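What follows is one structure encoded as structure tokens, with my remarks underneath.
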Amino acid sequence: MATPAGLERWVQDELHSVLGLSERHVAQFLIGTAQRCTSAEEFVQRLRDTDTLDLSGPARDFALRLWNKVPRKAVVEKPARAAEREARALLEKNRSYRLLEDSEESSEETVSRAGSSLQKKRKKRKHLRKKREEEEEEEEEEASEKGKKKTGGSKQQTEKPESEDEWERTERERLQDLEERDAFAERVRQRDKDRTRNVLERSDKKAYEEAQKRLKMAEEDRKAMVPELRKKSRREYLAKREREKLEDLEAELADEEFLFGDVELSRHERQELKYKRRVRDLAREYRAAGEQEKLEATNRYHMPKETRGQPARAVDLVEEESGAPGEEQRRWEEARLGAASLKFGARDAASQEPKYQLVLEEEETIEFVRATQLQGNEEPSAPPTSTQAQQKESIQAVRRSLPVFPFREELLAAIANHQVLIIEGETGSGKTTQIPQYLFEEGYTNKGMKIACTQPRRVAAMSVAARVAREMGVKLGNEVGYSIRFEDCTSERTVLRYMTDGMLLREFLSEPDLASYSVVMVDEAHERTLHTDILFGLIKDVARFRPELKVLVASATMDTARFSTFFDDAPVFRIPGRRFPVDIFYTKAPEADYLEACVVSVLQIHVTQPPGDILVFLTGQEEIEAACEMLQDRCRRLGSKIRELLVLPIYANLPSDMQARIFQPTPPGARKVVVATNIAETSLTIEGIIYVLDPGFCKQKSYNPRTGMESLTVTPCSKASANQRAGRAGRVAAGKCFRLYTAWAYQHELEETTVPEIQRTSLGNVVLLLKSLGIHDLMHFDFLDPPPYETLLLALEQLYALGALNHLGELTTSGRKMAELPVDPMLSKMILASEKYSCSEEILTVAAMLSVNNSIFYRPKDKVVHADNARVNFFLPGGDHLVLLNVYTQWAESGYSSQWCYENFVQFRSMRRARDVREQLEGLLERVEVGLSSCQGDYIRVRKAITAGYFYHTARLTRSGYRTVKQQQTVFIHPNSSLFEQQPRWLLYHELVLTTKEFMRQVLEIESSWLLEVAPHYYKAKELEDPHAKKMPKKIGKTREELG
């Protein structure tokens, strides 16, 4: 018998001679199939069913020889089965014996006497055999009844065969899991169908019942409100009538004094006139007394209302969102200081210094060199301020002024004539806001259909939806809405849906053919985000299946030819965007600190350049906040020496109302500087921008599949991004772009385009989503740029380890449930495992807090010690996950107070977002059939549930520090962790990031035995042994004689 390695080499050699090719996985497949077959003909038939081999001639001989060479396990019969088989044979043998008939009584007596003793001896054995036979018959009847129930009365037996090997058992479990998965998917679809209200089907009985119920509730509420409304209306009427009567009385007295002032009146007329004057005076005194009482009431102390025993409610102080926590205290201090400071009036204006002067020293300025000019298509004109433009033009005039408006009819004709259309237009041409409106006006939303427009960023989806709703004159959330992760601002009437590309991907789960959409517009396609690339492949297939679906791919002036080729040579429709020329300036020498150079350049432009707003591109939230603080500090020190400079940040985690400030008109006499991430390159259009500052850097996420480590590093941007940034300056007038790097660096150090995100990120969520959609052949999926093989393989391995995929790569029931949760697969597994450990409420809180991207605590520079002490007060034994749970629990107990957040140095906006995430995840628990339960303070169960999801991320303490269990990579605990000084032996981490070191963030102390409990398929007991914990045997020393 050949060895496995030798057999595999033999199969590869034979495959090469028979088929002309050889591959290791094919050889292993053939050997495994031959081992599972019981005969050579069955093996040949299985190969023929695959439709990959022509089993005639040499191929058939090869299959027969392979079957004869493959070793097979001999079926070993269990002792209990052997004893049972012998008992059955003996029973059949006894039944074959018959007594012979004889007329002689003596012979009968002899036989009876001789056999009496033998019958007594065998009596017990016969009774035992009879009992065993009855039990076997009962077991066979029960097995047949179960088989009839499962197969609907068919003759197929569900009894496990005697010779069932490991492969057959695994196959049976796989088929059973597939049935459960399909049943779960059907239940989810049925629930969605029951909860979906179809406004077009007026005959729906359930809809009628719901409408009647709502009308009845409204009627009851109206009846309950009528008495109070009558009282309120009566009071308002009496007050109004009092004013009218008093005015009539005063007018009547004035007329009488004017007409009969010099006429002798009778005694009755004099008394009547005196009475009217008395009434008028009393009415005036009554009104004055009422006003005086109101004035005193405002300065009077009022006893607070009793609130004990009432449930705490969520309070959102919208008026305090405009700044950091403690904004109200800061405003009060500024008001008091302002009242105490000395101010000059017009009388002292002559004695003051000139209003403006040069505030930068010559050595502080940055020298720029004008290199090129981006040509525009309109003549320069005097740029009107935003306030003047808003006063002179209406919204419709602004729409008509956009570059896309002259091409409206041609664009609609091209959309009608082609199913897929590539639209090329620079940011600001109006393609994002106007094209969906044109389609709406053209009737593409008739018959209940909708139009989807995807955006790569949630900030862009929210701001664009608000702008379109304002232009259409509708309320946001009605006809126009947006849908982003953990926030849905749509309704049943929404026909224009702006959403992130990830949200449209999730809609494929419930509606794989996008039947409710007539047009799908993929905007900002040139950014090539992960979800955008996946959408390309899916929408391409859906478009072939639905000829009536219109697909629009909107991009800037990059990669349009490539998009056209991908979509089967789709036509390209070009829209001009830049309307004015842009001068580009480079520095003479490289800048060492580009953040400091940005601040200096902003002040230099503000002092030396004509009016016009400034746009600064930085890499992330930390740099933006630092730059804004530096600018505000320097402007505060300069005081009245410079004009007013409004510093406005814009990044993804900023609240919506603060994001909307960048779109507000700049006040007269001031200048606005917008400090933004690369979101302002293409996703947003800010009016009034004349100057652009480009340091030439951006943040990119990279992923190492070998270590599973992600890193968000600052890297030079591409030439395409630099050109996009420069184009922001030519929207309203001739602009200028100041690049804080040299022209040589632009030509030789910048890449042409940015690497697509799909080639530098983890693919766990994408693989799970595609598997949920029934796409199993991921290697041949129609990617615009295929991801690296190692990254895809690692994603499959992780999903298999989490139980989302079986050994054949098919989606399991757990995987189908995990796909319903809009979080990372490990986080989804943790939530599903919480049901087993009865701690789903605590796990939901932990999952929500982990989803806010490490932005819970903040450390003001002037209160670092206080912030660190406040953070330490939340520490609990066990790890950072329990710290996050403690923070949220105390915040909830405080009534979701913003003041509590300020006192404990916790970011209120992040906590409010965590609350929104938790509410959505709690609503999805019913969808994935997980019940709500609490551990009642037993945090061991919480830690075990977290381990069930993140057992892939474990590390243990060795003599050289922490190392990951599987990869043996050296890692470090983050200094902000609660376990930084404790150094436990076994750790679990949420993510591994590369900054200055390989840091583990959000670590949790675990026990090694838990890994065997939650993931016995992934860890072996030998891997979890501590080699340093073993004690070596004591050695007995030798004497001098023994040593020789």
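Glycine too: its Cβ is placed from the backbone N, Cα and C atoms.
Matching 363-366, 423-426, 511-514, 523-526 against Swiss-Prot, the residues noted as motif 'DEAH box' span 523-526. Counting every protein chain shown, 23 other Cβ atoms lie within 10 Å of the Cβ of GLU426 (ATP binding site). Of the listed binding-site residues, namely THR427, THR432, the sparsest CB environment within 10 A is found at THR427.
All chains included, 23 other C-beta atoms sit within 10 angstroms of the C-beta of GLY430 (ATP binding site). There are 28 other CB atoms within 10 A of the CB of LYS431 (ATP binding site), with all protein chains counted. The predicted model assigns the domain 'Helicase ATP-binding' (412-576) a mean pLDDT of 88.
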